[in-house]
Amino acid sequence: MTCSLDFSWLRWKWRTQDGFSQSPSETTPLLSPETDRQSHNTAEQRVVYPNNSMCHQDWKKVCRRYPGNSICTTKYTLLTFLPQNLFEQFHRWANLYFLFLVILNWMPSMEVFHREITIFPLATVLLIIMVKDGIEDFKRYCFDREMNSASIQIYERKEQRYMLKRWQDVRVGDFVQMQCNEIVPADILLLFSSDPSGVCHLETANLDGETNLKQRRVVKGFSQPEVQFQPEHFHSTIVCEKPNNHLSKFKGYMEHPDQTRTGFGSESLLLRGCTIRNTEVAAGIVIYAGHETKAMLNNSGPRYKRSKIERRINTDIFFCIGLLFLMCLIGAVGHSLWNGTFKEHPPFDVPDADGNFLSLALGGFYMFLTMIILLQVLIPISLYVSIELVKLGQVFLLHNDLDLYDEETDLSIQCRALNITEDLGQIQYIFSDKTGTLTENKMVFRRCTIVGSEYCHQENAKRLEMPKELDSDGEEWTQYQCLSFPPRWAQGSTTMRSQGGAQPLRRCHSARVPIQSHCRQRSVGRWETSQPPVAFSSSIEKDVTPDKNLLSKVRDAALWLETSDTRPAKPSHSTTASIADFFLALTICNSVMVSTTTEPRKRVTTPPANKALGTSLEKIQQLFQRLKLLSLSQSFSSTAPSDTDLGESLGPNLPTIDSDEKDDTSVCSGDCSTDGGYRSSTWEQGDILGSESGTSLEEGLEAPTLSQDEPELCYEAESPDEAALVHAARAYSFTLVSRTPEQVTVRLPQGICLTFDLLFTLGFDSVRKRMSVVVRHPLTDEIIVYTKGADSVIMDLLEDPACESNIDVEKKLKRIRARTQKHLDLYARDGLRTLCIAKKVVDEEDFQRWASFRREAEASLDNREELLMETAQHLENHLTLLGATGIEDRLQEGVPDTIAALREAGIQLWVLTGDKQETAVNIAYSCKLLDQTDTVYSINTENQETCESILNCTLEDIKRFHEPQQPARKLCGHRIPPKMPSVNSGAMAPEIGLVIDGKTLNAIFQGKLENKFLELTQYCRSVLCCRSTPLQKSMIVKLVRDKLSVMTLSIGDGANDVSMIQAADIGIGISGQEGMQAVMSSDFAIARFSHLKKLLLVHGHWCYSRLARMVVYYFYKNVCYVNLLFWYQFFCGFSGSTMIDYWQMIFFNLFFTSLPPIIFGVLDKDVSAETLLALPELYKSGQNSECYNLPTFWVSMADAFYQSLICFFIPYLTYRGSDIDVFTFGTPINTISLTTILLHQAMEMKTWTVLHGLVLLGSFLMYFVVSLIYNATCVTCNSPTNPYWVMERQLSDPTFYLICLLTPVVALLPRYFLLSLQGTYGKSLISKAQKIDKLPIDKRNLEIQNWRSKQRPAPASASASASAPATGTVHTRPPCHPVPPEAQQNFGASTSKSSGPPRQKHVEDRVLQDPRCSREHSRDDTCTVDTLAKLSSGECLLDPNRTVAPTAYSRGQKDVSRHSSKGSHRRSQSSLTI
């Protein structure tokens, strides 16, 4: 991808160096005007002709060949149901195996059972599955019939009007008209919308689960709402891509009769299954119909994964097959030897029709096949059916666990993959996203920096310290927090827009522009009179308390902006102009949709209920009390000077920003601390409106009075970052009023409405990492590009054209850039998400040239994405930096506790995030992924040789203090240490953490350094991958999963996590605020990260333990029962006969012993949930497969052989010498084996309930009831033998009772003795936990506390720090790294109050840096590492040129100035920080 972009950029530069002088045919062959209208490549493109009178013949030739809109999701018809269903069922190996045995049994020479008897089990299974498939298919048929019969208005060519027809009558090329609330019947290209702005609102919940509305706009050139769309006047040909399943990707162009082309994309495509909302009428032409629609192409079945236990079962099945082969071979050889003892043919041997007898060899071969029929149950085919039933029961229990239900979102766990529940108990590695997974993804605006001046928003930080108190005071308070300016305007309403020049301004009370509403009213048991909930608009996110100093400057900027068309503008780099552009960028540069609360989404809602009068009076009283506090506190507020330029004074105690010797400027009010007052616990209400606003109590009440008629605006955004920035701008009265595909309207603080022409929108993508909008300013008529994006990208695109002619401006911009970068580092270390805001003014001529190429790129089909990327990159350069924002994404509740528990469970946790390194590191400390006692290695490099050298040096350094605790594992020829290393000396070495970025990952993957990287990670307690792309995330997961052969789990909430989720053994999606892509691609979906704790530690452990022990029991049960028939062959001449009735053998597995294992697999609990949560280390039993592995399998097989010997030979010795018949001998054996197997099951059960007892007792009693009825009624059911009255006679024989009591005791005695030893002297964690569970609650809690104190000894660093000097413990450094003396100075003087944890004194920080880390160093291609510097406590060199402590920021610090030339950004540096 990188190579293709580089080549495209070179081609673009070559193409544009002559000033866009090429013609369209020279630049893009696809867009050549000489292209013939009919020369379309139908093999790679789809050509759609309209179904009207003009193009009907072309439509018949081309479009009639496309599939219709009728869907058929059924698998069968009445004629094909029986043969097709049988054909599908016999694709299963188990059914083929049984069919093979039935065919063998039908051969006269190998008939063991009656033919009807052998058919019965197979026919029963086939019939049950056939009925199930038939019912499911009939339901699909009913659904298809309902969908196909739905009505829609289709344009009829002959009648020349829309007529009501069925969905199944829709064809490609038809014109379809839809009303509000109708479902889109096919994939339709939007050609008309009744919305004045040419927009159609869609609800895509049926398609992707997202509830916020989407906008689709009419194809360019057709947006004329005042003119009704006439299909007969549409003569264009549509060329688009072939049908595919990409919901968000679509490209094509419309070729008009004059051979001009208009491009379109997914923004104009209405997908089948979506619902039209808030749009009266929408019309379009059908592009894809029926099974070719994107919705149908995405309608795949549930994902299938094979669990680890299932793979283990398949291996053991082969062992059983080998055992079956051996037993059959013994039977065949024994049969031949038995017959060989007769001198002549045995008297019971029957000749064939010709009088010939079988030879001994042929008779032995037939006996081999006969023994396969006889011992067929040795292969536990029914085990797979039991496993499916058990997993259904486990999923049911998961769904009904209230602890996995989130009340706030009204979501519970979803199990999308039903066959891997047991894998939840064997996870060894977890790969987690950060944003929305560890954090809430509820973005809160915290701080900002504008042209080098930092505004800490102290009052906003104080307000966020007590969100609960704010929420309880009602919604009325929120509307006052953005009323920072008094109403200065007269009556009247105006929207200001440029139509070739600026028009006079008119004042307005409010912005009354046409707004299409699409907010929703959600029912929560009562009618909410406040603003209904919308996406990313909780009270914490919407309410922003403005900074006092910035508030006054914003007012000046708004006044300057208002009069910028009547007087000469200030210099382009003035603070006032930059502030105005900054807030305009926050308001405009997004994709936020605007609606009003007075026009809810068109659905049937419940009428409002009357609210109690007392509640309203209380709210009014609270409101007046708050406003009184406001008016009192404002009298004590100080007035901050208003900056008009960068060099003006910023305050009496603050340095000027033009001074080279001073540090960056932080414009904070009052006694603002360096962290923005995050730790403040009080809130001065008077700081909300600002000291200079001059708003008295009466004015504060007047403002909302003037705008009572104005509908409350609400915003819906696809990204929470965008919503946070829009609400922040609104807090400063830069309000986004409306947005259409063509225009965006912003209301200024004075009430003036500016309507910008929205020329182009360059959406965000993961490659560019930014988005831009191109607008025309309504006052200056300038074309402006507003860009926002990651600082790692924006900083490299800054190059103001004014710097070429003005050296002073260049110096000033460099200082702004340097100080902004320092503020960004501060925000990142405080755990804030950062975005840079920039702008660019484009000449009209240059823009027109660029726009022509952009339109060509939009209209192309070949390399469309590449061409769009080229045009965007060409425009987004030479930017002017406006400022940056810091947005807080709070940790979810319970995340630190969950991570700590998962760690104690032996799970390795990696965080893979696209955020910048400093932000991710701070969040890692906050969520306890990294501890202040850890030694953290931070590797940043782009060069492969340097990366290899750093990895080698790091490994050498780590190995001096760590050595493998267990035997190393092989990894592709290399020795890999275990993940829990120990220490050479008696003292415990600090834990290791690794931080790595995306550039380094590229070097690792491209340089074949995966093995070294994995070897390093095995020593690390935590691994943090920053700036990683979705592809890199999936590559890391696959690398660890395949190379280390471990069980992996990926968890995320966004579309960028889909590849990572799909690559892991288990993928978990979080139902967050970034859509449902992650959930739809996951195996399990949860609402919060903290649910992962119980999901894995409790349900995961239970699911694995239950299923594993049930599988082992199934193998034991079948082998034990089959061996009874095998031992009998030694006493019947290996004839293949049985001493048990055939029907009794069938009933044994079908009824008598089938239900207890299923109940055991669903409900058994070896350890209680409370103990599992209190002792997470119990989870390791599943990781080590203690319940089901090769030793446990063979121990169970040996036990089965022993018990079968006892169950056969004790009755044999008892009845030896008697004259009983075969069934009288076999009935006690059958009864004893059933009793032994059920008692064995009872001994394995760890939890006893009434249901367990009823099932076991019921199975035992069922055996006697069925046997008594069968033996009394079935006289000739199994001729020539006669089981008549056998059980009745046995029940009157005391010997029967004696052996039925004695034999199971002898058979189960060894297992009972072994279980007793394990329970008394067992050293396993599970055995100890089971003992604790049996204690009373008080003693149990005390034992758990003692266990935790033993398992978690005090860190060795605590004792080491007592004897260590204040500067910290010094580790022996590798001899290959000299330490320069200047690197050992102490920079840790400042203190920290930020949310990140403080670094303790015994922590050692070291840095390895590459010579290429700054422009002053020579660019060296060698992989040597120059420096290993040991720093004092509190330091963390996040890059080689910076020495700022990780959690502290002081204006008094002197940092090394940053080289600001292009290409010197720290992304190009190579460093290793420890």
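For all residues, glycine too, the Cβ spot is worked out from N, Cα and C.
Just so it is clear, the model here is predicted, and its values are computed rather than measured.
Summed and averaged per residue, pLDDT over the topological domain 'Cytoplasmic' (1-92) gives 66. Here Swiss-Prot flags 1-92 (among others) as topological domain 'Cytoplasmic', drawing on a curator's inference.
Summarising the annotation, Swiss-Prot assigns compositional bias 'Polar residues' to 19-30 (among others).
Look at Swiss-Prot and you will find 19-43 (among others) tagged as region 'Disordered'.
Swiss-Prot lists 93-113 (among others) with the feature transmembrane segment. Packing against the transmembrane segment (93-113) from elsewhere in the chain are residues 119, 121-122, 125-126, 358, 366, 369-370, 372-374, 376, 379, 381, 384, 1136-1138, 1142: each is 6 or more residues past its ends and has a CB under 8 Å from a CB in it.
Residues or ranges marked as transmembrane segment in Swiss-Prot: 116-136 (among others).
Annotated topological domain 'Cytoplasmic' per Swiss-Prot: 137-316 (among others), in sequence order, evidence recorded as a curator's inference.
Sequence-distant contacts of the transmembrane segment (317-337) (same chain, six or more residues past either end, CB-CB distance under 8 Å): 360-361, 363-365, 367-368, 370-372, 375, 378-380, 1115, 1119, 1126, 1129-1130, 1133-1136, 1193, 1197. Taken from Swiss-Prot, the feature transmembrane segment covers 317-337 (among others), and the record attributes it to sequence analysis.
Feature annotation from Swiss-Prot assigns topological domain 'Extracellular' to 338-360 (among others); the stated evidence is a curator's inference.
According to Swiss-Prot, the feature transmembrane segment maps to 361-381 (among others).
The topological domain 'Cytoplasmic' feature in Swiss-Prot is assigned to 382-1119 (among others).
Per Swiss-Prot, the feature Mg(2+) binding site maps to ASP433, THR435, ASP1053, ASP1057; the stated evidence is similarity to another entry. Cβ neighbour count for THR435 (Mg(2+) binding site): 26 (other Cβ atoms within 10 Å of its Cβ, all protein chains included).
Annotation source Swiss-Prot lists region 'Disordered' at 638-707 (among others).
What Swiss-Prot records for 689-698 (among others) is compositional bias 'Low complexity'.
The feature transmembrane segment is assigned by Swiss-Prot to 1120-1140 (among others).
Among the features that Swiss-Prot reports, transmembrane segment is placed at 1143-1163 (among others), with the record citing sequence analysis.
Residues annotated as topological domain 'Cytoplasmic' in Swiss-Prot, with a curator's inference given as evidence: 1164-1192 (among others). For the topological domain 'Cytoplasmic' (1164-1192), the DSSP counts in helix, strand and coil order read 17 helix, 0 strand, 12 coil.
Of the Cβ pairs linking the transmembrane segment (1143-1163) with the transmembrane segment (116-136) and spaced 6 or more residues apart, 3 or more are under 8 Å, so the two regions touch. The DSSP secondary structure for ASP1057 (Mg(2+) binding site) is helix. In this chain, the transmembrane segment (1250-1270) lies out of contact with the transmembrane segment (1193-1213); the count of Cβ pairs under 8 Å, excluding pairs fewer than 6 apart in sequence, is fewer than 3. Other Cβ atoms within 10 Å of the Cβ of ASP1057 (Mg(2+) binding site), summed over all protein chains shown, number 33.
The DSSP breakdown of the topological domain 'Extracellular' (1214-1219) into helical (H, G, I), extended (E, B) and coil residues amounts to 2 helix, 0 strand, 4 coil. Taking the Cβ of ASP433 (Mg(2+) binding site) as centre and 10 Å as the limit, one finds 30 other Cβ atoms among all the protein chains shown. Note on the topological domain 'Extracellular' (338-360): DSSP counts are 4 helix, 0 strand, 19 coil. Sorting each residue of the topological domain 'Cytoplasmic' (1241-1249) by its DSSP state yields 4 helix, 0 strand, 5 coil.
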